[in-house]
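S.K.: Quick one: this structure, given as structure tokens, is what I'll be asking you about.
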Amino acid sequence: MGQEESSPVDESVPPTVLTSRNLSGIAEYIRAGKARSVTVMVGAGISTSAGIPDFRSPDTGLYANLARLELPYAEAVFDIDYFRSKPEPFYTLAQELYPGRYRPTVTHSFIRLLHDKGLLLKLFTQNIDCLEREAGVPGSKIVEAHGSFARQSCIECKTAYSSDEIRQHIDARTIPRCHDCSGLVKPEIVFFGEALPSAFFENRHLPEEADLTIVMGTSLTVQPFASLPQLAQQGKPRILINKEAVGGLGSRPDDVLLLGDCDAGVRKLAEACGWGEELEALWAATAPAVSEESQVEKTKDEKLEDEISKLTSEVDESLNLSKWHQERVRGSTTMPVDSRPKSDVQPSSSGKPGFGNTLHQDPNGNLSHVFLGQARDENKETDEKP
């Protein structure tokens, strides 16, 4: 499929399906029963508020651990050949990232809500953290484009390995080996040089069948994942909930951009659909159990601080969206992400491959690079988490 024109649609062009090109228009479309099948595409940005660390920040324990391991370069921790010779660095990293350490975000619960309402056709995720599963989204509804910690197997004979057993090894800081051939065991995360899961290609056609496409928390710089939103049919609405406009979204008459924090965005959409209380109840159910003895009532100052933080976040989102609209009115808006696929590695200042959340696919269809956290947004000059 060719690259889509990335120029934003002219404000004078009316939507073809939506009653209005905004959040209210999307909500009305959903409430009217027109979004009977929804595809969702997500990246690392939906897990940021869960506290999952990025790689680049020197203030994170994760970065310090990698530096202490004296890797030849950062990405070696995800290199299959390096793993064969030295699996210890990856399993040190796995202690930080293994499922169970982090709580799903409101955005994960929103995807679960779509499933509960019978609307979720398929979720395509670039994340390996399994938070979608922990939020209650069935594995049958998820395409983990870069693999995940959900399954593990021997890298030699491909024999499956018990999740309970690998967890014991990770907790004990020992290296799991296959019971059949003594080969190394690895979670089915896509490493450099490995092919993407067959499930990605088997389900890649589904966006064409969807009545609505939702894209959240991704820079859409990675092929072939980045092309998924383009597969949505013309005349079928697409909504982007993201820090900034990416990937040609906003170029069609029925595209809606909700720029800002993902959790805040899905809360607004849920409220507009009349699902606000259901969403909050689902998210509350993901909270770890807390004994009565450990529950402490917040002080007045803490409650006030929470209210101030909430108001500040809402103001920041409004300013962000207003600035984007003003730029469009002045005719100076340009899409911050080139819709063309990137085929080369962006080197770090040291000349070695740097940390980030982008990956690139080699000509043979294998994964060349995969990162868990977005340390530097390719569309901005400042570093930030995914």
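All positions are counted from 1 along the displayed chain.
The backbone N, Cα and C atoms fix where each Cβ goes, glycine too.
From TrEMBL, for reference:
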DOMAIN    16-276  domain 'Deacetylase sirtuin-type'
BINDING   44-48, 54-56, 126-129, 218-219, 242-244, Cys262  NAD(+) binding site
ACT_SITE  His146  active site, proton acceptor
BINDING   Cys154, Cys157, Cys178, Cys181  Zn(2+) binding site
REGION    322-386  region 'Disordered'
COMPBIAS  358-367  compositional bias 'Polar residues'
COMPBIAS  375-386  compositional bias 'Basic and acidic residues'
S.K.: Specify the secondary structure state of Lys243 (NAD(+) binding site) as given by DSSP, simplified to three classes.
M.R.: coil
S.K.: Can you check which residues sit near Cys157 (Zn(2+) binding site), meaning Cβ under 8 Å from its Cβ, same chain, 6 or more apart in sequence, and list them in order?
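M.R.: Once residues fewer than 6 apart are set aside, Cys157 (Zn(2+) binding site) is near Cys178, Asp180, Cys181, Gly183.
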S.K.: Binding-site residues Ala44, Asn127, Lys243: which have a Cα within 10 Å of His146 (active site, proton acceptor)?
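M.R.: So the list reads Asn127.
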S.K.: Work through the binding-site residues one by one (Ala44, Cys154, Cys178, Cys181) and point out the residue whose CB has the fewest other CB atoms within 10 angstroms.
M.R.: Cys181
S.K.: Please list residues from the chain of Thr218 (NAD(+) binding site) whose Cβ is under 8 angstroms from its Cβ, counting only those at least six apart in sequence.
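M.R.: Within the chain, Thr218 (NAD(+) binding site) has Cβ neighbours under 8 Å at Met41, Val42, Gly43, Ala44, Gly45, Gln126, Phe225, Asn242, Val246.
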S.K.: In three-state terms from DSSP, label Cys154 (Zn(2+) binding site) for me.
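M.R.: Once the DSSP labels are grouped into three classes, Cys154 (Zn(2+) binding site) ends up as strand.
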S.K.: Around the recorded Zn(2+) site, report the further residues of that chain (criterion: Cβ within 8 Å of the mean position of the Cβ atoms of Cys154, Cys157, Cys178, Cys181; site residues excluded), sequence-ordered.
M.R.: Ile155, Glu156, Lys158, Thr159, Arg177, His179, Asp180, Ser182, Gly183, Val185
S.K.: Can you tell me how far the Cα of Lys243 (NAD(+) binding site) sits from the Cα of Cys154 (Zn(2+) binding site), in Å?
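M.R.: So the alpha carbons of Lys243 (NAD(+) binding site) and Cys154 (Zn(2+) binding site) sit roughly 39 Å from each other.
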S.K.: In whole Å, how far is Ser47 (NAD(+) binding site) from Cys154 (Zn(2+) binding site) when you measure between their Cα atoms?
M.R.: 28
S.K.: How many other Cβ atoms sit within 10 Å of the Cβ of Lys243 (NAD(+) binding site)?
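M.R.: By my count, 23.
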S.K.: Enter the number of other CB atoms within 10 angstroms of the CB of Asn127 (NAD(+) binding site).
M.R.: 25
